[in-house]
């Protein structure tokens, strides 16, 4: 079986969804920009040699509809002979895109794939056109379709206090801002054209979503967003709404060597699981455990974790049940996470994987794990190993 390697991993800056940098930039353009960038950064690869493109996107309608993967590839002037498919596993879409490409390479059906994902939550809102079947309520709690309420449920089940949530959310912003100031995101961010508050065209090379002034004390003043009477989850402890894309160049190890490209990481194992939709945010726990089992590892073997921060109330129970509460500041989301950077749904799986690989290189770490919760009760995880 072929070994699968990551040759390159990049992303756009994360733009605010409400009146942000990319308010006049379409999702296809964000995607095409990264596709072109991967090719220009790796000139040894001819675009015609790409076997397939796998691109995650959740709200596949409006500008994100009609197979955005193919639309973006055409905009990027990738040869018409190269196919492209859009993948949807909700929040895990672009990590699923990576898994799909990896399996194609493992079986020998492909040797080179572009993978990634995008979501423009400013142009295509998360709930646009959503119409749940009424019959779902016979099997699933109605609140299972309301992500904030699933986070509230997890916080109650696991004893996650409002103070713990506020402290974790403040940490996310502080660490993301520190990483920005130190230039730690420069290797992964591809400067991308957008517009400033006055509508002037500008090149963005930083995440505008981060709020460096955030403190736990300030967050403590916010009202509950989803359960006004008894809740603890606020807008400040939830992932920010943002627009962005992320992309990776994935190959068989033998093909990368043939082209003279240096692999940056190898996929050690992959896993996806289901869980109770009412606590959808718990999915990373069984997914991570399964991925670790497949790799013959335990959580203590992993040097660095990137765990998507859908909500502070959601990620903290996952950290607790993976036995990592005492190692948060040594291993988990060291550059902040989605609370600070945002969670463009179809982008996030590739985004956290990209951030993880860059962080592993900077800290000379051998093993890393990226994992996400998924709406309606799923979890997805990938174990990466430095080459």
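Each residue, glycine too, has its Cβ placed from N, Cα and C.
According to Swiss-Prot, the protein has these features:
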ACT_SITE  91  active site, acyl-thioester intermediate
ACT_SITE  343  active site, proton acceptor
ACT_SITE  373  active site, proton acceptor
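When the Cα atoms are compared, residue 343 (active site, proton acceptor) and residue 373 (active site, proton acceptor) turn out to be 12 Å apart. Separation of the C-alpha atoms of residue 91 (active site, acyl-thioester intermediate) and residue 373 (active site, proton acceptor): 7 Å, rounded to the nearest whole number. Summarising the environment of the residue listed as 'active site, acyl-thioester intermediate', the number of other Cβ atoms within 10 Å of its Cβ, over all protein chains shown, is 33. Secondary structure at residue 343 (active site, proton acceptor), taken from DSSP and collapsed to helix, strand or coil, is coil.
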